[in-house]
Structures are given as structure tokens and as C-alpha cells.
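So the structure is just underneath, and the comments pick up after that.
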Amino acid sequence: MAVTKLVLVRHGESQWNNENRFTGWYDVDLSDKGRTEAKAAGQLLKKEGFTFDFAYTSVLKRAIHTLWNILDEVDQVWLPVEKSWRLNERHYGALQGLDKAETANKYGDEQVKQWRRGFAVTPPELDRADERFPGHDPRYASLTAEQLPTTESLALTIDRVLPYWNESILPRMKSGEKVIIAAHGNSLRALVKYLDNMSEEEILELNIPTGVPLVYEFDENFKPIKHYYLGDADEIAAKAAAVANQGKAK
């Protein structure tokens, strides 16, 4: 049976992950730890014999630089790369830039958990006059007013990720190309929910660690057979737990 593999990687730790702030579409870079994580991901992929034909990432530098570091480690910096806003992190609305723990102290752990992980829950909306609104950013100049978010739930994130999966990524895989996607916690959760047919309750508890390759294997009909992380299982579990704890009051 022919098996097709897809590699998903959440970007390495960003500067705002390190500061425990809501990031969303704000374009922060990797922290030093994040760059180390990205390089380690590339080294793991090289050790396991992975090579690629095409790469996808978002238009945010923390994902782009993660991909650069991975491709450098697997000696494929020449690889064609497609960047799309559809792979961006979920837009966190007016929460962007706020400290997660301070927000939890103010609104409570459960409210912040719903804002961070709830399927259909949207954070407080961003005013379109706010400098954080993506309509002020030239990289989004080609988007329509309806496509520019002022806030997003995971459900809305899925609505923009899945068309891109079906129209661009999956056809490339079906043509035989080996694909890697470097993206974000919630754009990848959106894809994982679809691939694994997860319920809204199940996706609430899913936390994707930074900088760890997640491998999906598909059968000849491009149905997922299994998935697994590369690396030490205990370390990966600890990193996922740390992601879950970011939104709790101190």
C-alpha cells in the first residue's frame, strides 16, 4: 500500500510566546529558544530521512523563519515555498498583545480557555480603526473587506484553512509531491480537527507544541492512517502541557 506523508510544524517559540502574550496576526519573530527549536526540528527530520518537494507557510515571520531553519538543516533551502494568509494564526481580536495570565486574572481561567480553545467562541472584536487591524498592513492589500478579520474563532479559522487545503495543498500531495507545512497553533489545530474528524469537545483539549514535527500518513485514497510526533515523547508531552497552562491565572 502506497503511503503519503505530510509534515506539520508549529513555529518555534516566539518572543510573545516567551512573554505569554496573545499574538494572533501580530508579526513577532522567534525567540532564541524558538530558533533552537526550529533547527532541532530540521535535524530530527534529516535524521529520519525526510526530504520535501514543496513547502507551505503563513505570511508571519515566526512561521517563515521556522521553515527557513528547517530547510537549512535538511539542506533544502532552494525548495519552492508558498506563503498564504490562510495559514496565519487565528486572529485574537482585541486580546492581541495582552498578557494571558493577567487576562485570566481579570476574566477568569475558564473564559480565557474558551477564548483560546473554544470552537465557536470569538475573543472581543478589534476596531477597524485600531492600528492592529490587518487592513492597515500592506501584505493583506489583496484581501477583501470580508476576508480581513477583526476577531476569529477556531470555526472561522477552519473556514479559511480548509479551502486552501482542498484547493492547493491536497492536490499537490495527490500529484506525488512531498509537502511540509510550517504554520501556527490554531491554523494547524484547524487542519488536525478536519483530518482526524475531531469533535468540538476534543479539539478544545488539543495543544500543539512549538517546533515539533507532526507526521501524518495517508492511504492511497488520501485518508489519514496515523499520525505521530518526532522526538522524545516525555519532552513533547511537557511542551504541550506548557502550552495549555499559558492561559491560566497566576
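The backbone N, Cα and C atoms fix where each Cβ goes, and this holds for glycine too.
The feature substrate binding site is assigned by Swiss-Prot to 10-17, 23-24, ARG62, 89-92, LYS100, 116-117, 185-186. Around GLY185 (substrate binding site), the same-chain residues at least 6 positions away in sequence with a Cβ under 8 Å from its Cβ are ARG10, GLU89, ARG90, ASN207, ILE208, THR210, VAL243.
Remark: HIS11 (active site, tele-phosphohistidine intermediate) has LEU30, GLY34, ALA38, LEU60, ARG62, ALA63, HIS65, THR66, ALA182, ALA183, HIS184, THR210, GLY211 as non-local neighbours, by Cβ distance under 8 Å and separation of at least 6 in sequence. If you look up Swiss-Prot, you'll see HIS11 marked as active site, tele-phosphohistidine intermediate, on the strength of sequence analysis.
In this structure, GLU89 (active site, proton donor/acceptor) belongs to neither helix nor strand by DSSP; it is coil. Per Swiss-Prot, active site, proton donor/acceptor is recorded for GLU89.
Around HIS184 (site 'Transition state stabilizer'), a 10 Å sphere centred on its CB holds 27 further CB atoms from the protein chains shown. Taken from Swiss-Prot, the feature site 'Transition state stabilizer' covers HIS184.
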Request  = Sort GLU13 (substrate binding site) into helix, strand or coil using the DSSP assignment.
outcome  = coil
Key: Most crowded position, judged by CB atoms within 10 A, among ARG10, ARG90, LYS100 as binding-site residues   = ARG10
Request  = Show which residues of the chain containing TRP16 (substrate binding site), separated from it by at least 6 in sequence, have their CB under 8 Å from its CB.
outcome  = PHE22, THR23, TYR26, VAL28, GLY97
